[in-house]
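Asker: This is the structure, below, for whatever I ask next.
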Amino acid sequence: MRVLTRSLEVWRLGVLNYLEALKLQEKLVSDRKGGKITDTLLSLQHPPTYTLGKRQIVHNLLVSESQLKSMGAELHYTQRGGDITYHGPHQAILYPIISLRDIGFGARKYVETLELTMIELASLHGVKARAGESGETGVWVGERKIGAIGVRISSGITSHGLAFNIDPDLSYFEHIVPCGITDKEVTSLKREVDSELPAEELIHEQLISCFVRLFGYNNVIWKDNPSLCDQQS
Amino acid sequence: MAMRMWASSTANALKLSTAIRPHFSPAFSLSRCFSTVLEGFKYANSHEWVKHEGPVAAVGITDHAQDHLGEVVFVELPDAGSVVSQGKSFGNVESVKATSDVNSPISGEVVEVNSKLSETPGLINSSPYEDGWMIKVKPSNPSELESLMGSKEYTKFCEEEGGH
């Protein structure tokens with residue numbers, strides 16, 4: 001019996017600056033399009049960073065850029081879908097660089113599966129999360145948002161991805177209308193769980209495991225502290 | 001025409017899978033996923049269609065593509081006068097927090113852009129082959145059309161792509 005091997009290379013990058021992560025993704029997308037590399041997953045966190053999606057809905061940023069800088073945060077304009085959001089320490093980020101054509105997924109199914117990944121992670125900690133209603137893509141606990149999604153798909157290859165709040169400083173969200181949705185709170189796993197959370201590294205690993213399972217990978221290659229200048233495939 | 005669009009968007013709103021979408025063209029084939037594929041159009045494997053009518057070719061995305069994208073909320077198109085190349089991106093659509101590039105099935109000069117899409121991006125969902133057309137191109141190399149798929153091939157392609 002032949003089993004189709006679905007390989008995923010996982011890069012655990014620690015805390016990485018947004019622009020560096022973007023440059024890395026661009027290189028990986030190009031390599032993936034050229035068939036030089038297999039599906040790749042970046043697992044990381046960012047220093048305090050605000051990002052806008054392709055539509056650049058700047059009025060959802062409630063403070064000036066210079067105020068952001070004085071808070072020690074960066075602002076970046078990106079090519080991903082979705083609205084404004086905040087990334088920061090203690091928020092788990094996954095950037096999958098994968099071929100959707102290999103699995104016959106369209107944008108909608110891809111995003112739904114990313115939502116499921118976060119929902120499963122939450123349930124591992126006893127938190128009942130759900131996908132957003134129409135127009136509110138993301139993962140919610142009640143009326144509070146715990147996970148956000150913003151992706152880019154180019155010739156069927158994905159970049160950007162998801163952000164799951166483990167225990168970020170939620171006050172940073174007060175300076176934006178998160179994802180352009182007013183009147184809804186942002187929350188974190190820490191807030192939703194009664195007991196002590198396990199080590200963050202473990203939660204990152206759990207998030208990766210949920211992703212691996214939901215996307216049907218059966219061969220995982222771990223790459224820790226990879227050289228970002230690595231030109232070899 | 002208006003009734004048909006209403007029916008289509010109501011079906012979308014109610015999340016019904018409409019197996020048969022009425023259309024002006026007499027012959028259409030059904031793929032297993034119940035998307036419409038039309039005769040007389042040519043298809044790229046990245047799910048764009050092209051319809052060559054005289055000196056100009058209209059380009060858009062297929063019913064299969066719009067269904068897989070979800071509700072389109074924003075469309076970015078090139079300016080008239082820009083040059084497009086077969087297989088290369090000419091714009092993108094946003095749906096469900098995903099920005100997806102759209103590739104041109106043919107090379108040439110963009111002569112017209114569908115301005116209705118900025119106000120009503122949902123036309124891509126409700127009418128992917130008619131009112132949801134994206135650009136019109138003056139083909140620089142009409143023989144490129146021969147490398148594209150016809151309706152039967154494309155229907156088969158969709159079925160195979162989805163079947164994992």
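Any Cβ shown, glycine's included, is placed from N, Cα and C.
Predicted automatically and left uncurated, TrEMBL annotations should be read as such.
Note that the structure is a prediction, hence the values are computed from the model and not measured.
Not my notes, these are from TrEMBL:
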DOMAIN    A:35-219  domain 'BPL/LPL catalytic'
BINDING   A:R80, A:G81, A:G82, A:D83, A:I84, A:T85, A:Y86, A:H87, A:A148, A:I149, A:G150, A:G161, A:L162, A:A163  substrate binding site
SITE      A:K145  site 'Lowers pKa of active site Cys'
ACT_SITE  A:C179  active site, acyl-thioester intermediate
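In terms of burial and nearby residues, how do these features look in this structure?
Answerer: Residues within less than 8 Å, Cβ to Cβ, of A:A148 (substrate binding site) and separated from it by at least 6 positions along the same chain comprise A:G82, A:T85, A:G138, A:V139, A:L162, A:A163, A:P178, A:C179. Classification of A:A148 (substrate binding site) by DSSP places it within a strand.
Cβ-based neighbour count (10 Å, all protein chains) for A:K145 (site 'Lowers pKa of active site Cys') stands at 24.
With a 10 A radius on its CB, A:C179 (active site, acyl-thioester intermediate) counts 25 other CB atoms from all the protein chains. Annotation note: A:C179 (active site, acyl-thioester intermediate) sits in a helical segment as assigned by DSSP.
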Asker: With 8 Å as the upper Cβ-Cβ limit, not reached, which of the recorded positions A:G82, A:I84, A:K145, A:L162 neighbour chain B?
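Answerer: Going by the Cβ criterion (under 8 Å to chain B), the qualifying recorded positions are A:G82.
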Asker: Across the domain 'BPL/LPL catalytic' (A:35-219), what does the mean pLDDT come to, as a whole number?
Answerer: 92
Asker: Which state, by DSSP, holds A:L162 (substrate binding site): helix, strand or coil?
Answerer: strand
Asker: Of all the Cα pairs drawn from A:R80, A:G81, A:G82, A:D83, A:I84, A:T85, A:Y86, A:H87, A:A148, A:I149, A:G150, A:G161, A:L162, A:A163, the residues the record ties to substrate, which distance is largest, in Å?
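Answerer: The span, Cα to Cα at its widest, is 16 Å.
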